[in-house]
Amino acid sequence: MSVSELYSQYTRVWIPDPDEVWRSAELTKDYKEGDKSLQLRLEDDTILQYPVDVQSNQLPFLRNPDILVGENDLTALSYLHEPAVLHNLKVRFLESNHIYTYCGIVLVAINPYEQLPIYGQDVIYAYSGQNMGDMDPHIFAVAEEAYKQMARDEKNQSIIVSGESGAGKTVSAKYAMRYFATVGGSASDTNIEEKVLASSPIMEAIGNAKTTRNDNSSRFGKYIQIGFDKRYHIIGANMRTYLLEKSRVVFQADDERNYHIFYQLCAAASLPEFKELALTCAEDFFYTSQGGNTSIEGVDDAEDFEKTRQAFTLLGVRESHQISIFKIIASILHLGNLEIQSERDGDSCSISPQDEHLNNFCRLLGVEHSQMEHWLCHRKLVTTSETYVKTMTLQQVVNARDALAKHIYAQLFGWIVEHINMALHTALKQHSFIGVLDIYGFETFEVNSFEQFCINYANEKLQQQFNSHVFKLEQEEYMKEQIPWTLIDFYDNQPCIDLIEAKLGILDLLDEECKVPKGTDQNWAQKLYDRHSGSQHFQKPRMSNTAFIVVHFADKVEYLSDGFLEKNRDTVYEEQINILKASKFPLVADLFHDDKDSVPASSTSGKSSSSKINIRSSRPPLKASNKEHKKTVGHQFRTSLHLLMETLNATTPHYVRCIKPNDEKLPFHFDPKRAVQQLRACGVLETIRISAAGYPSRWAYHDFFNRYRVLVKKRELANTDKKAICKSVLESLIKDPDKFQFGRTKIFFRAGQVAYLEKLRADKFRAATIMIQKTVRGWLQRVKYRRLKRATLTLQRYCRGYLARRLAERLRRTRAAMVVQKQYRMRRARLAYQRIRRAAVVIQAFARGMFVRRIYHQVLREHKATVIQKHARGWMAHRRFQQLRGAAIVIQCAFRRLKAKQELKALKIEARSAEHLKRLNVGMENKVVQLQRRLDDQNKEFKMLSEKLLTVRSTHEVEVETLKKELAHYQQSQGGDSSLRLQEELESLRTELQRAHSERKILEDAHTREKDELRKRVADLEQENALLKDEKEQLNQILCQSKDEFAQNSVKENLLMKKELEEERSRYQNLVKEYSRLEQRYDNLRDEMTIIKQTPGHRRNPSNQSSLESDSNYPSISTSEVGDTEDALQQVEEIGLEKAALDMTVFLKLQKRVRELEQERKKLQAQLEKREQQDGKKVQEDQPKNDMDVDQDADLAYNSLKRQELESENKKLKNDLNELRKAMADQATQSNSTHISPDSYSLLLNQLKLANEELEVRKEEVLILRTQIVSADQRRLAGKSTEPNINARTSWPNSEKHVDQEDAIEAYHGVCQTNRLLEAQLQAQSREHEEEVEGLKAQVEALKEEMDKQQQTFCQTLLLSPEAQVEFGVQQEISRLTNENLDLKELVEKLEKNEKKLKKQLKIYMKKVQDLEAAQALAQSERKRHELNRQVTVQRKEKDFQGMLEYHKEDEALLIRNLVTDLKPQMLAGTVPCLPAYILYMCIRHADYINDDVKVHSLLTSTINGIKKVLKKLNDDFEMTSFWLANTCRLLHCLKQYSGDEGFMTQNTAKQNEHCLKNFDLTEYRQVLSDLSIQIYQQLIKIAEGVLQPMIVSAMLENESIQGLSGVKPTGYRKRSSSMADGDNSYCLEAIIRQMNSFHTVMCDQGLDPEIILQVFKQLFYMINAVTLNNLLLRKDVCSWSTGMQLRYNISQLEEWLRGRNLHQSGAVQIMEPLIQAAQLLQLKKKTPEDAEAICSLCTSLSTQQIVKILNLYTPLNEFEERVTVGFIRTIQAQLQERNDPQQLLLDFKHMFPVLFPFNPSSLTMDSIHIPACLNLEFLNEV
C-alpha cells in the first residue's frame, strides 16, 4: 500500500506530547507525498498543523483499529511501536483493571497498589493444566507454562522477575512460588512446600525495607531453586542471595526505614521473653529513626514479627537460636546509640564505661566490655618490625562503628540464609528444578553510588541474555515454519558489559585502586577518564571531576565516585572481629569463625546449590586479581553474577517485567512518562522492535479463513483446501509479496497488514450493512404507509358514524326535554298544594295540644308536689342506710383485698398466657356492655330526678303566687287590724320558705354531687374501657406478631436445620472421602514398602494380614445377652454425651451395676474355689465306682428308655404346637397384622409354661413308677428264695407273673439309672441349698453393714440442728427412693429382656419343631412306603423355594471371586438389575436363619473388601463403578427392607415380610455400606468429571454451534490450544450430549436408583457451569456478544436434553442459572442507566465482582459493537453496593454436593429370582 492510502482522511495517528508522551489525532485531509504538514484534529476537537520533515519523510505512527485495542498480547497489534504498546497497556490497566499483559514471551505486570482477588486457590486450580494462550495473562499462567515445560521437555526452567523498586517483583515471585507449592505439592509428609512459602516472611523481614518508592522493597537479589522429583513433586529448595544493601543498616534517607526486622523487634519488646534485650520504641534508636516516620500505614509490625517467628519455627530453627538471632539484632541497635565523646586534641575520643548501650551490646553478644570499649576507639597498625596502637578521630570511630554494625548484620543475614537452605535441603535425588529470580531492575537516582552501579551491571547481563533468547526464538519460529529470513539487527550491549567487567575495565580498575595503600576515589575516577574516554559507552560530566557517566541500554546514568573504594573494600577492623570471635555465645562466635575471605556472605548458599548443577561455562572464568588478599565486593558480585548467568543459560527462561504505574502509590493511576521509562529499561520495547523487524503478525490458516471469510469470493469457497483459499485471497488483496509469507501452518504478515485487512473487512461489512439498512428502511416505510392508510380509512368511518349518532341523539333529547318540562311543572304545583295543606293541619294540631297540656300540667303539678315530699323523706332515710352499708362495704373490701392479694400471684402467672388474655378480653367486653347498660340506667334516673325538680320548682312558685294573692285579698278584706297576725303568718311562711329553700339547696347539692360522681364514674369507666380496648388491641397485635414471629422462626429454623443437615451431610461425606483417600494412600504405601522389603527368600504374603486388618474395620455380630452395664452404655451412646452427662439416674445405675458386678465376681471366685475342692474330693471317691458302673448293656437300656420318653414328649409338644398354630392363625386372620398381639403372645407363653410344667411332672411320675416296679420285683425274687409266703402280703396285681431274666436285667439297669438320676437330683438340691445358705449369709452381712451405716448416720444426725436433721432425713429418703427406683428399673429391664429372649426362643423352637415335623413326616412316609405293596408308588411333594441360598464356609472365597472380583457387568445383560445384591442378601438371610453370626460377619466383610478391590483396580471405569454403586445401594435397601423395622416395611407384601431377618440386627453394617456407597458415588463423579472436563471449554465457548456467528481475533504470540482446525482437543456440544447419553444409559441399564441419577447429573451440570463460567471470567477473547449467543444456544440444548431424559427435576437448570445470566449479560445493551438497572435486576445469581469482571472483559469482535464504558461499570458498581456477595471471583468446580440415598424398596420377592449359569455358582443350594 502506498503512503497516500495509509494516511487518508479519518486515519488516526499518534503524535508526541510533552505531558502524555503520545497523543491521538485524526487526519482531516488526505496526505499527499511532498506535503510539508498534516491537517490533524485532536481528541478535544482542536485543529493542529503537524509539520513533516520532507527529507526524512518521517510520518507519525499509525494508530491500531479499536477492534485490536486492549488485546491480551501486544504482539497481536497490527502496528507495533511505542505509542501502541503504551496505549494498549493503559486501556487494559485503567478501563479493564487488567494488570497482566503478554508481550511475546514476556509477561508485563503493572502494580495496581491494591489487593485484587485473583490469587486464590480457585484461580490456581483454574490455570492448572491450561495452555498459556487459553487463559487471560497471569503470573500463574507463566508458572504453569514453566511447570509444564519442565515435565514435557525434562529441562530445567527459570522465571526471571525484574523491575524497579516498588514495581511488585517480590509479590510476583511469591505468587509464582505459591503456585508451584500448590500444584506440585510434596509427595511425602515433609510439607516442603509450606517450608518454601515460610521462607518468604523471614527474607522479607531481614532483607526488605521501606523506601520512598516502595513500602516493602527488596534490598537484595535472590534466586530460589525449587527441586522436583521424577513425579514432579516438590522435594526441596535452595536460595542464593546477591548484593545485600548493608549501608541501610546504618543510614536511611528521609521517609525511609531500616530493615523490617528492627521495627518488628521493637514492637515486640514488651513481651516477657524479650525483656533482656532492653529495647524500647524504634524512635529511641539512631539506626531506626533517621528516616523520620518509623511506621508504615496499614502494617502491624508486632503481627508481622509473630509471623516471622512462626516461619522460623516451621523451618526448624530452635527457640534458643531464635533468641540468639534477636539478641544480635538488638545489639546492633544498641551499638548505634553509643555516645562517643571527642577529646580536646580532636585526634582521639572515648566511650564512657557507664554507657548503658555499650553494656547492653557487650552483654547481648557475650563479649568483654573493656576490650570492646578500647578497640572501638583505637586501631592497630602492624609493620614489619613493630605493632602500633593508634587512636582514632571521632569520624573514624563512627565509621568503624558503622562498619562493624554492617558486618555483623551481613554475617547474620548469611547465617539465616544458610539455615533456610539447610531446612529446605533434601537427601532425595533431584530430577529437575524451577528457579525464580527476584532481582532488582535498572535504577537511576539523583545520586548514584556503588550499589546502583552493581545493580545496573547485573541488568546489562540479564538484558543481553534476554535479547539473545528473544532473537533465538524468532529464528526458531521462522525455521520451523520454513520462512526465509534475514539477519535481524538488534541492540547488543556487549561493549557496555566489556566496559564494566573486561580487563582494565571499571571493576578491574576499582580493585587495583583498592590495593593501593593510599588510593582515593578521585584517583580512581581520573584513571577511568584516562583509560575509557574514547569508549562510546563512557562519558565524563562537564562540571565534575569525581563523577562518570555510563551509557546503559536503558539510559545514561551518572555515578558519583565518592565511597566506591570504601564500599568495595568493605573494611572491618580485625581487632573488633577477634573480640566477637571470643564471644561466650556459640552462635556469635560461629558467625565470625566461619567468615572466609574467599567466599562472600551472600554466596555461601550459592556454593551448596551449585554442586547440583553440572554446567560448563561458555566463557573461561575470570582469574582472581590476587589470591593473597581478600576479594573485594565487586569481584564477589561479578563471580556470583557469572554463576547466575551460567545457571540461567542452562535453563529455559520465562520473563516477568514488573512496571510501576506511578510514584505516589495510588491505586489504578497511570503515569505515561514513568511507564515509558520502565518499558524502555526492561526490554519490552526491544522485544517489540525485534518482532516488528520481521513478521510480527501470525495467523493460523484455519483462524485466518474464519476471520476473513467475508473477503473470499463465492466461487473460491467451492474449494475445500483452506490453505489454497487463503493464498489466493491474500495474493489478490495485498499486491506486495514482501508483506506476507506462507509458512507450514501459519501466515506471517508485516506490520500494518492486519490493520489493512481489518479495514477491508470493515468496509465489506459496512457496504453490506448499508445495503441491509437501505432495504430494511424501504420496507419499514412501506409498512408505515400501509398502516397510515388503514388508519385513515378507519378514522373516516368512525367520524361519519359519530356525526350520525350525534344528530339522532339531539332529536331524542329535544323530545325528552318537552316531556320533562311537563312533568316538572305538574309536580311543582302539586308540591305547593301539599305544603299549604300540611301547614294548616300542623297549626290545628299545635293549638289543640296547647290547651290540653295546660290542663294536664296543672293536675301534674299537684300530684308531683306530694311525690316530692315522699321522695325527699325517703331519700334521707336512704342516705342513712347507704352510710351504714358503706361502712360494711369498707370492712368487706378490706377482707376481700386480703384475699385478692393471695389470688393475684396465681392470676399473674395465668395472665401471661395468651388464652387467659383472650378470656380476659371476653370478660372485659361483657363488663363494658354491663357498664354501658348501667350508664344508660343512671342517665334515665338523672332525667327523672331533673323532671321531679322542675315540678317542685313550678309547684313552689304557684304556691307563692297563690299565697301572695290570698295575702293581698286578705289585706283588702281585713284591713290593718290583723296586720300583726298577718306578719306572724308571713314570718312563718318565710321560715317555711327558707326551710324549703334549704331543702331545695340540699337536694340540688346532693343531685349535683351524685351527678358529678356519676360523670366521674362514667369517665373512669370510659377510660378503663379505652385502656382495655388498647390492651386488647396490643394483645391482639402481640398475638399476631407472636404468630408471625413463630411462623417466621419456624420457617427460619427449618431452613437452618436443612442447611445444617446439608452441611453435616457434606462434612460427613467429605470425611468419608478423606477416609477413602487415606485408605488408598495407606494401601499405596504398604505396596511400596512391600516392594522395598522384597528380598530373595521366603516371606510371608501380607495379603492375609491386610484382609485381617480390613476385617477389623467392621463390627462383629453377637447374639449373646447384653448386660445392664452394656445397656447403660448403649443408652449413653444413643442419647448423646451431653444428655447422658445430665442423666443422673444412668450414672447412679452404672455405679451400682459396677458394685454389683464386683460383688458377683468375688462370689463367683469363692464358688469356683469351693467347686474345685469338691471336684477334687469327688474324683478321689468316685474313681472306684466308675469302673464298676460302666456297662454297655446299661447304656443301651438307658438310651432306649430315653428314646421312649422323648417320643412321648414329642407327641405332647406336637399337640401343643398344633394348638399354638391354630391360635396364631385365628389371631392373624382377626388382626391382619404382621406382629403378634400381646394377648396371643401371653397365650403362647402360658401354654409353653404349662407344657414345660406338665413335662416335668410326667418325668417325675415315670421315675417314681419305675422305681416302684423295680423294688417290687426285687422283693418278689427275695420272697421266693427265702420266704415263700411273702406273695400273700404283696399288693401288686402283677407280682405273681413270671419275670424273664432279660426283663429283670432291664429292670435292674432301670433301677441303676433311677438311682443315678435321684443322686444327681439330690446333689443339685444340696448345691441349691448351699447356695441359698450362702446367699442368706451374704444378705445378713449386707443388712449388718447397712445397720452399721444407719447407726452412724443416726449418731451424726443427733449432733445436728433440727433443721439440718430434717434436711438430712429428706436427703436420705430421696437417696433411698432413688435406689428403689433404680432397682425397679432394673427389674423392668430384666423382664423386658427375658421377654425378648423368650420371644426369640419361641421362634427358634417353632422353626425346630417345623423341621422336626417335616423330618418325621418324611420318615413316616418312608416307613409306610416300605410297608405297602411294591405296586403302589407315592409321589413326594417338593417344598417351595424360601428365598435363601446355602453355601459352605470353604466356598466363601469362590463366591466372592465369581460374584464380585471377576464379575463383568456384560455377563448380567438381560437379567434382573442388581442381581449380585439379591444373591448376597439371600446368602446373608440363610446365615441369619441358621443363627451363624460369624458367617454373616465374614460374608459382609469379604464382600465390602472385594468391592473396594475391584474399584481400586478399575478406578477409571465408569461402567464398573456405576454397576457396583447400583448393587451396593440395592444391598443397602435390602438390609433395610428386610430388617424387621416397621419404618422400612410399609410397602412390603406378606410374602416379602416372610423374608425378613430373624436373629441379627445389621444396623452397623448398613452404616458401613452407606459409607461405601458414598465413596463409590464420589469415584463415579470423579470419573465422569474427568471425561467431561476436557470437552467443556471447547464445546461450550469455542465451538461454533451457530455457524458464522463468531469471528476470530488476532491472538499474537500466545496461540489458543483449540484454535487449530480439526484438532484432537476440539469438541462440540454434541460430544458432551453423547457422553451424557452414554452415562445415563449405563446407569439406567444397571438399575441405579433414579434419585441418585438425578443427583449425578446435578453434580455434572454444576461442574459444566463452574468450568464454563470460570473460563469466561478468565478469558477476554470469549467475552463478546456472539459468545453470549452461542452460550445461550448451548444451554438451551442442554435444557432440552434434560427434559427429553426426564431429568429436569434434578435442579440442574437452577444450577446453571449463573451461566445463563452471564450469557444474557453478554447480550444485553450496556449504555444507559436503565440498562444498568436491568442488568442489576437480572443478574441475581452472579456476584458483583463477577458482573464487573465480565463487563471489564467484554470485547467487541466487530467495529459495529461498542465497548463498555468505565462510567457504565461505575454505575453498576454503585447500584450493587448493597449486595453482600462473597469475595470469591471463581466458582469452586471441585465442590461436590452431599449425596442422599433415599430408601427405595424392591417389589421382587427373593424366591422369584433366578441365578443364571454364567455366574458359576453351582455350589449355592436353594433352601
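Cβ atoms are placed via backbone N, Cα and C, with glycine included.
In TrEMBL, the feature region 'Actin-binding' is placed on 641-663, out of the ranges 641-663, 1239-1261, 1262-1284, 1676-1698.
Cβ environment of Gly166 (ATP binding site): Asn111, Thr211, Arg213, Asn214, Ser217, Lys660, Asp663, Lys665 lie under 8 Å away, each six or more residues apart in the same chain. Each of the binding-site residues Ser165, Thr170 was assessed for Cβ neighbours inside 10 Å, and the highest tally belongs to Thr170. For the ATP site, the Cβ centre of Gly163, Glu164, Ser165, Gly166, Ala167, Gly168, Lys169, Thr170 serves as reference, and the other residues of the chain with Cβ at most 8 Å from it are Asn111, Asn214, Ser217, Ser218, Gly441, Cys658, Lys660. The Cβ of Lys169 (ATP binding site) has 27 neighbouring Cβ atoms from other residues within 10 Å, across all protein chains displayed. Mean pLDDT for the domain 'Dilute' (1501-1778) in the predicted structure: 85. Each of the binding-site residues Gly163, Gly168 was ranked by the number of other C-beta atoms within 10 Å, and first place falls to Gly163. Residue counts of the region 'Actin-binding' (641-663) by helix, strand and coil are 9 helix, 8 strand, 6 coil (DSSP-based).
Its Cβ taken as reference, Ala167 (ATP binding site) is surrounded by 25 other Cβ atoms within 10 Å in the chains shown. The helix, strand and coil residue counts that DSSP assigns across the domain 'Myosin N-terminal SH3-like' (8-60) are 0 helix, 24 strand, 29 coil. Within 10 Å of the Cβ of Glu164 (ATP binding site) there are 24 other Cβ atoms, across all protein chains.
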